[in-house]
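A short write-up of the structure that comes next.
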Amino acid sequence: MSVTVVLGSQWGDEGKGKLVDILAADIDVCARCAGGNNAGHTIVVPVNGVKKTFAFHLLPSGLVNPACTGLIGSGLVVHVPSFFQELDALESQGLDCKGRLFISDRAHLVFDFHQIVDGLKEVELGGSSIGTTRKGIGPAYSGKASRSGLRVHHLFDHDTFAAKFRKLVEGRFKRYGHFEYDTEGEILRYKELAERLRPYVIDSVVYIHQAISSGKRVLVEGANALMLDLDFGTYPFVTSSSTAIGGVCTGLGIPPKMIGQAIGVVKAYTTRVGGGPFPTEQLNDIGVHLQEVGREYGTTTGRRRRCGWLDLVVLKHSHMINGYDSFNLTKLDVLDKLPEIKVAVKYLVDGKELAGFPADLEVLAKVQVEYVTLPGWESSIEEVTSYDALPENCRKYVEFIEDFMKVPVKWIGVGPGRESMVTKA
């Protein structure tokens, strides 16, 4: 009776969806616990003998397994029109989700006015903008924290919903001025959406506990990553939810003792989207190479990702909080053509090593990164199917990470397809 958790260990975009896809072949329930449709997981799978690419944002990517049930937990914020847009897109590609997708009645709602406010806040911040996806996630979580937000269950008492909704919009008008927004039109739209949504809505706490107690295999799909966590990430350049392992418990309503294993997904180099500190960022030919070879463009926004060397100081910080039992090292093939590869192992300020990842961004801006330089393998690994068949220097790179972190690397991504994953004993 345990739950497997897959978490991003860096700044997101590590390739969590691919591992979830592989693990989902043997699980019964795939759950999301936090965030919204600001996440982006891309999965390439065969459907009726043809390879298809599925882009997931809000829905659990474990749905690619037709025997798996998807659960959107209480910790998420849900933009209902986007939920149906994503669902319709997946079903148009041949993915039948009928009867196996559910939403918590406690999940908070994201409305179009949240998205408008998200953009207005970014403009207001100017040069200090965080670089959000402008999906309304932050403003929705702000409403939740101030106890003024609306939850999924509110949709089913239309008169009460309408009154609360008008009050919410009026509050935003007072704060940001009267931006263009059809309040009454939205109320009518959500009356229709509520009826379409009703079959998907359940008490997710009861559901997940019944699933676990009956022996069903549950996989929790983390969104974003530890370094974007509201408490432990590079605040304020973070998302608005708990992306750490604690968010699994608060977002699904399960106790820590039900978590059997935590798997950290680690990209073989580092990327991040938007603003914020990035100590190992390479604003040079290496950064361009990683960006182009790795096709580093956001699933949700299409923005170019910033790229740099693997940072084991970040990974150590991430591991202290999430307690990984194993790692999935992804996109190792992107490093194929590099003659040498650097890995960050220490942060120094005024010649002294920092004990951990600093909370103060002014301190972080002063760090000198100490690297270890490892030899590259300069050959393609995309067709490799076993660990022993990897080039020697490639194996040394993997084993350097294991030795430094004292955590085993169990899966290694060597290409984009679901079959391009090497398992290490």
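Even glycines carry a Cβ here, placed using N, Cα and C.
Some features that TrEMBL has for this protein:
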ACT_SITE  ASP13  active site, proton acceptor
ACT_SITE  HIS41  active site, proton donor
ACT_SITE  LYS144  active site
BINDING   12-18, 40-42, ARG305, 331-333, 413-415  GTP binding site
BINDING   ASP13, GLU14, GLY15, LYS16, ASN38, ALA39, GLY40, HIS41, THR133, ARG147, ASN224, THR239, ARG303  IMP binding site
BINDING   ASP13, GLY40  Mg(2+) binding site
BINDING   THR299, THR300, THR301, GLY302, ARG303, ARG304, ARG305  substrate binding site
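Among the recorded positions ASP13, GLY15, GLY40, THR42, VAL414, the residue whose Cα lies closest in space to that of ARG305 (substrate binding site) is ASP13. Cα spacing between GLY40 (IMP binding site) and ARG304 (substrate binding site): 14 Å, rounded to the nearest whole number. Ranked by CA distance from VAL414 (GTP binding site), the recorded positions ASP13, ASN38, LYS144, GLY302, ARG304 have ASP13 at the top as the closest. For GLY12 (GTP binding site), other Cβ atoms within 10 Å of its Cβ number 28.
Checking the recorded positions (GLY12, LYS18, ASN38, HIS41, ASN224, LEU332) against ARG304 (substrate binding site) with a 10 Å Cα-Cα cut-off leaves nothing. Distance from the CA of ASN224 (IMP binding site) to the CA of GLY302 (substrate binding site) is 16 Å. You'll find the Cα of GLY12 (GTP binding site) roughly 5 Å from the Cα of ASN224 (IMP binding site).
Within 10 Å of the C-beta atom of HIS41 (active site, proton donor) sit 22 other C-beta atoms, taking all shown protein chains into account.
THR42 (GTP binding site) has ASP13 as its nearest neighbour among the recorded positions ASP13, LYS144, ASN224, ARG303, going by CA to CA distance. Distance from the CA of the residue listed as 'active site, proton donor' to the CA of LYS18 (GTP binding site) is 8 Å. Checked against LYS144 (active site) by C-alpha proximity, the recorded positions GLY15, ASN38, HIS41, ASN224 yield ASN38 as the nearest.
Reported as a whole number, the C-alpha separation between LEU332 (GTP binding site) and the residue listed as 'active site, proton acceptor' equals 14 Å.
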